[in-house]
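Engineer: TrEMBL lists these features:
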SIGNAL    1-23  signal peptide
DOMAIN    73-473  domain 'Peptidase A1'
ACT_SITE  Asp91  active site
ACT_SITE  Asp341  active site
Amino acid sequence: MHPFINICIVLLCIISSFFNSQATDTRPQTPNSLVLGLSHVRSLYTPSMTLLNSTNYDFLDIIEPVTAYTDGYLLSLNLGTPLQVFQVYLDTGSDLTWVPCGTTSYQCMECGNDHSSSKPSPMFLPSQSSSNTMDLCGSHFCVDVHSSDNRFDPCAAAGCDIAAFTGGLCPRPCPPFSYTYGGGALVLGYLARDSITLHGSIHGIDPLSPVEFPGFSFGCVGSSIREPIGIAGFGKGTLSLPSQLGFLGKGFSHCFLGFRFARNPNVTSPLVMGDLALPAATDGFLFTPMLRSVTYPNFYYIGLEGVSLLGDGGSAAAAMAAAPPSLSGVDPEGNGGVLVDTGTTYTHLPDPFYASLLSSLGTAAPYERSRDLEARTGFDLCFRVPCARAPCTAEDRLPAITLHLGGGARLTLPKLSSYYPVTAVRDSVVVKCLLFQRMDGGGGGGPGAVLGSFQMQNVEVVYDLVTGRVGFLPRDCALRA
């Protein structure tokens with residue numbers, strides 16, 4: 001999630017199992033890797049496994065369960081001693097990792113019907129963890145969460161005397177923080193330190209065991225606006241989960257299952273960190289350069305040169321519409337480019353480019369529009385598609401959308417990542433809507449567009465931080481499970 005993005009909600013889940021995820025990756029295991037299966041579990045390891053300390057080993061392959069939720073993909077966080085387990089959003093558009101925390105009930109304003117008080121969010125209890133401490137005001141994580149250019153500010157706010165904080169000797173805790181997201185979302189809390197436990201093997205050949213990473217800094221959040229559960233920040237800042245675990249020198253990847261597996265508890269797909277995430281030259285990935293923003297250096301940007309449409313048999317249904325310069329690059333002030341953000345549900349494009357895409361799709365699609373469903377759902381383009389029986393993919397003649405990325409990469413999105421049936425089959429017709437939305441930038445700067453998680457379904461995405469590029473490979477992510 002990003003301050004310039006209005007986050008939209010879709011029922012987009014991945015329900016998966018941890019044990020399925022352990023034995024499904026067909027790539028050879030390599031050192032320095034972390035594999036996080038997209039799954040939901042209650043118990044994260046069996047009593048027969050031996051607890052390892054990550055500081056004692058240089059080479060780790062780790063497999064960890066992740067699950068999904070009503071509006072995104074989730075990762076299991078296993079915090080403290082003994083473990084307390086939480087499901088949190090996987091978000092490449094922010095850095096802070098946080099969980100609901102405290103001794104009283106978690107307060108979430110404007111969290112909707114799915115997060116009513118009848119189903120309170122699980123809360124981390126610091127007093128129940130023997131390894132928990134409060135982060136100190138002199139910590140670089142404290143400076144980062146307060147977005148301060150002066151490293152002395154947090155300790156000054158904590159009430160330290162000048163000799164103590166300039167000498168780095170102030171023992172006071174990091175002051176409470178507020179952390180904002182797009183769409184007016186906000187969390188309030190304080191920084192804590194505790195162990196985080198993942199699952200791994202040494203050198204990629206030993207059996208999986210829990211691996212403890214001590215001293216992990218995370219937000220202990222007591223109240224929020226529009227954030228019902230926690231978040232695992234996967235940006236490039238010092239606070240992010242991959243940064244603290246030491247994987248920003250390599251990279252990570254994910255392969256999000258399609259929505260058809262939303263209610264299937266037996267299917268999983270992996271999130272991978274480390275060497276294993278970086279594909280071989282023969283793996284067929286489409287790579288585009290990773291752009292850098294001087295204003296927002298912690299996020300993952302790529303360039304978009306244009307969009308074209310493909311009809312039946314791969315024939316061109318519409319010539320490429322060139323994207324504005326603000327999407328193909330980032331300007332000297334750090335604005336523009338396309339933000340790759342798993343914390344935003346749908347892809348957002350700016351007008352008039354987005355309006356041009358809608359016009360081209362309306363002309364190329366051989367179906368009648370459903371304007372009543374457009375009005376009821378809020379989506380901009382819906383079609384009445386003939387369908388004898390769900391899932392109605394074989395007879396679907398909606399044009400496929402191809403993104404022309406920087407460096408010559410052409411990513412054709414799976415149709416189910418572009419259109420979604422919003423009705424059941426009725427009278428041999430189903431209504432499918434385009435799940436792109438208009439970018440509401442308001443001229444305030446920031447990214448020019450956003451690539452959201454719905455369009456990343458059944459596309460393996462690699463964040464190669466060694467060479468500074470992002471790779472895409474359309475594939476059935478269930479086969480990576």
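Placed from the backbone N, Cα and C atoms, the Cβ positions cover glycine too.
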Engineer: How many other Cβ atoms are found within 10 Å of the Cβ atom of Asp341 (active site), counting all protein chains shown?
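Structural biologist: There are 28 of them.
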Engineer: Just how many other Cβ atoms lie inside 10 Å of the Cβ on Asp91 (active site)?
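Structural biologist: Looking across every protein chain shown, the total is 27.
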Engineer: How many Å separate the Cα atoms of Asp91 (active site) and Asp341 (active site)?
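Structural biologist: Rounded to the nearest whole number, the Cα-Cα distance is 7 Å.
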